[in-house]
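Take this structure, written in structure tokens, and hold onto it; I'll ask about it next.
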Amino acid sequence: MLITWLLDVLLLAPPVAAGYPPKPKNLITIESKALPGATITYKEVPKGVCGNVRSYSGYINFPPNSMREAPQDFPVHIYFWYFESQVKPETDPLAIYINGGPGAGSMVGVFVESGPCRMSEDAQSTVLNEHSWNKEANLLYIDQPVQTGFSYDVLTNATFDFKTNILSPEGPDHDPSKDGTLLAGTFGSGDPSKTANTTLNAARHMWNIVQVWSQDFSPYADNRENDKISLWSESYGGRYAPGFMAYFLQQNNRIKAGLLTGSVLHLDTVGIINGCVDLISQQKSNIDFPYNKNTYGIQAIDDAGYDKAMHAYGKRGGCLDQILECHALAKRYDPNAYGHVDEVNYVCERANSYCNTEVDGIYVDGAKRGLFDIAQCHLDPFPSNSFLGYLAKTEVQEALGVPANHTDPSYTVEHVFNVTGDYVRSDRGGHLLDIANLLDARVKVAMVYGDRDFICNWVGAENVSLSVDYKDAKNFRRAGYADVYTDDSGVPKAQVRQHGLFSFTRVYQAGHMMLAYQPQVGYEIFRRAMFNMDIATGTVTDDIEFYSTQGEVNSTHAEPPLPTVPPTCNFWGMAMSCAKNQIEAIQKGEASIVNNIIVSPTQARGECPTPQPTRKSWFYNNEQQSFII
């Protein structure tokens, strides 16, 4: 067995040895008054673990069947990490940040996107993030639904497979000492019946989580002078953010009417970052965007591939027809999206599988380009998953007081959402109606999209924004695109269409995880949305509800993509960043690994795309297009 020792090498033995977290110590327990039976256990995190502000790490714990109006016949332990504002925690608003997936833990938000810290170059410690969102807001990161990230149902010793992200029972068939891609540790049960299985069920859980935390978590609730709550999310968060906040709004109305016991939540802002919101509005863009509708001159699929995908999308019984069939059956037999009707689940899962394979698959399987960045190889090293190795360190687990390993992504959650076909479904009325209802209730909605993302690309998202039928929709659609300035350079970093409380922003030179690519731009957009400013300049604060951007009806700014980044195989992000030959070498113990990076072997020739033809002209003309389907 060949294993090369290098300076500061992390070989295959250390990740295995780091598997079982230490038993948490010095936890504080709060008995919930908001929901009898629920508890909060937490501890203050030492400064330096992530940032230098006061922060608290802990769990909101629900015994079986204790949540209000939520299917939950199993224990739920939801992990949170709360960072106080750097200015005045008592008066600054609260922003909840959740990642998508489904099954993506929110620690990527902490260490890669909006949190107070970034990973150091050697991935062994952290450095301050100068663009942290807690400059003027309290930040709450939540791993949800249960069995995502640090959240768990029942602590279970198991083996995690980095190749597939699948948990398996401990035993001779899953022996980390014989396979370097396996990690023995403590996780949730891996039981797909013990988590939320649809967006709406996750919303039901989340409402209970926020009810308990906002009322009972004393470091936040005591002496609170500002009770505004905002929710920001990305990717699958295009469904989570509007779906959750619309459900909160519905529950608020029921509480006000005396139909439900609970606290009215002061809903302020919904932020959607590169979110997949509505398939009917967005799916076709997954054909157009890589063909000729991106602004970087990249033609990632050829004419034959384009024709094949378009046929699969539009033919009788094709992708669009199957989406519509799923919606019709779900509306009739499972309108409240409990995910318990087999016929609906089957039809919706089938539609999801067909559209993924026959439409998205033309690009995903053929272009060798990034799912999250069309300008990069599919073995995209950015942003790095090195924070996962940091969270596996015993001293970090002790500081956070976590009894479980961090699972990201959670195959269990991803699988059960796929079984119900949740991605194809929409909740009652759809997520477009969720956004409309929130806007009509005077909740701000900010849609923010990096323009190099494929999977939830800005072209489809623009269609979503123009398809939201709310009271002020005509004024939003009439608004033009304005340049977005976020520093003193005089160079615009984005373009925005905004009318009043609703904005759609396209951010240049950014992929799916926009905040990792353009952190300063992302922070400014967040700050301006949260504090009732115009997104373009941050200078308009008066009568913002009547403000409209002026400019061209289409966002046509184009530029060449930045140079590609060479693929980097990261042990902790093996499934997405490593080629087959590298994974095989890790599995056999024949890889050289330095600070979690596989330095040998390199990926096999042909893994990344060779230069492809570009198109001189692309999709927009000078006339307003009709985006409404």
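Including glycine, each Cβ sits where the backbone N, Cα and C put it.
So Swiss-Prot has the following annotated:
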SIGNAL    1-18  signal peptide
ACT_SITE  S235  active site
DISULFID  C326-C355  disulfide bond
ACT_SITE  D453  active site
BINDING   C456  substrate binding site
At a 10 Å cut-off from the C-beta of C326 (disulfide bond), count the other C-beta atoms across all protein chains.
25
With DSSP assignments reduced to helix, strand and coil, which class does C355 (disulfide bond) get?
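Looking at the DSSP assignment, C355 (disulfide bond) belongs to a helix.
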Say you check the Cα of D453 (active site) against those of the recorded positions S235, C326, C355; which is nearest?
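Ranked by Cα distance from D453 (active site), first place goes to S235.
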I'd like to know which of the recorded positions C326, C355, C456 sit within 10 A of S235 (active site) at the Cα level.
C456
Please determine which of the recorded positions listed here (C355, C456) has the lowest count of neighbouring CB atoms within 10 Å.
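Taking C355, C456 as the recorded positions, the minimal 10 Å Cβ count falls on C355.
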Give the helix, strand or coil assignment DSSP yields for S235 (active site).
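Looking at the DSSP assignment, S235 (active site) belongs to a strand.
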For the C-alpha pair, I'd like the distance in angstrom between C326 (disulfide bond) and C456 (substrate binding site), rounded off.
21
Where's the emptiest Cβ shell within 10 Å among the active-site residues S235, D453?
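Sparsest of the active-site residues S235, D453 by Cβ contacts within 10 Å: S235.
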Do you know offhand how many angstrom separate C355 (disulfide bond) and C456 (substrate binding site) by C-alpha?
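C355 (disulfide bond) and C456 (substrate binding site) have their Cα atoms 14 Å apart.
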